[in-house]
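Peer 1: This is the structure I have questions about; it appears just below.
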Amino acid sequence: MDSFSSFFDSQPGSRSWSYDSLKNLRQISPSVQNHLKRVYLTLCCALVASAFGAYLHVLWNIGGILTTIGCFGSMIWLLSCPPYEQQKRLSLLFLSAVLEGASVGPLIKVAVDFDPSILITAFVGTAIAFICFSGAAMLARRREYLYLGGLLSSGLSMLMWLQFASSIFGGSASIFKFELYFVLLIFVGYMVVDTQDIIEKAHLGDMDYVKHSLTLFTDFVAVFVRVLIIMLKNSADKEDKKKRRRN
């Protein structure tokens with residue numbers, strides 16, 4: 001109950017966002033702040049590498065099952081490497097990002113062919129959401145949102161069972177739409193939880209910025225893909241309605 005009460009106490013209606021709330025950053029030591037700078041700088045580089053991978057797919061159609069398997073393999077290899085091999089782990093991170101971008105490339109190509117503005121809007125919207133929720137996690141009290149990790153994991157498990165049931169008994173458009181928004185909500189929550197988890201681990205001495213960048217990278221891509229699918233689906237539905245009215 002204390003966790004739930006602290007959550008509601010942190011809402012805008014119960015605590016004003018003033019200069020006093022911004023001073024919560026003083027809870028983060030200078031060493032942890034420097035660690036976060038390295039994490040977010042590495043994350044930006046990974047996103048650039050991912051965009052390059054998507055561009056390669058648009059040019060040469062390289063994205064598919066092989067790039068997806070290669071992406072997961074690179075991530076596992078990265079996590080198995082000792083922390084002192086920073087150059088190798090950074091190379092694996094950027095390789096994973098390129099392969100992830102190529103794997104998402106088919107969806108991006110659909111968006112570019114349909115309406116390029118959708119792609120830009122989805123990326124900007126995801127970036128704004130990421131900045132806002134990560135900032136909220138930094139300004140909140142330490143460990144305030146970590147309890148949400150169990151709830152998010154339970155929601156993800158429930159979604160996997162729902163997809164399993166849909167594959168057996170058949171799905172519907174309403175179930176697909178629910179899954180999209182539900183997964184989006186879960187990974188937005190993971191943005192907050194993972195940010196606080198990274199801060200807490202850094203306070204305890206875990207300064208593995210490569211692994212922490214990988215965590216935030218997977219959150220960002222997961223949210224971006226869902227936002228892009230939702231925007232494409234909504235735009236396609238609008239186009240269908242316009243065609244029906246004309247006919």
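Cβ atoms are placed via backbone N, Cα and C, with glycine included.
Straight out of TrEMBL:
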TRANSMEM  39-56  transmembrane segment
TRANSMEM  62-80  transmembrane segment
TRANSMEM  92-112  transmembrane segment
TRANSMEM  118-139  transmembrane segment
TRANSMEM  146-169  transmembrane segment
TRANSMEM  175-193  transmembrane segment
TRANSMEM  214-232  transmembrane segment
Peer 1: Ranking 62-80, 146-169, 175-193 by the number of C-beta pairs under 8 Å to the transmembrane segment (39-56), which range is first?
Peer 2: 62-80
Peer 1: Please figure out which one of 62-80, 92-112, 146-169, 175-193 racks up the most CB pairs under 8 Å against the transmembrane segment (214-232).
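Peer 2: Maximum Cβ contact count belongs to 175-193.
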Peer 1: Take the C-beta pairs under 8 A between the transmembrane segment (118-139) and each of 92-112, 146-169, 175-193. Which stretch has the highest count?
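Peer 2: Per the Cβ under 8 Å count, 175-193.
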Peer 1: Grab the same-chain neighbours of the transmembrane segment (146-169) for me: Cβ-Cβ under 8 Å, and only residues 6 or more beyond its ends, written as numbers and ranges.
Peer 2: 3, 175, 179, 182-183, 185-186, 189-190, 192-193, 196-197, 200
Peer 1: The transmembrane segment (175-193): which same-chain residues, six or more beyond its ends, come within Cβ distance under 8 Å?
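Peer 2: Beyond its ends, the transmembrane segment (175-193) has Cβ neighbours at 129-130, 133-134, 136-137, 145-146, 148-149, 151-152, 155-156, 159, 162-163, 166, 216, 219-220, 222-223, 226-227, 229-230, 233.
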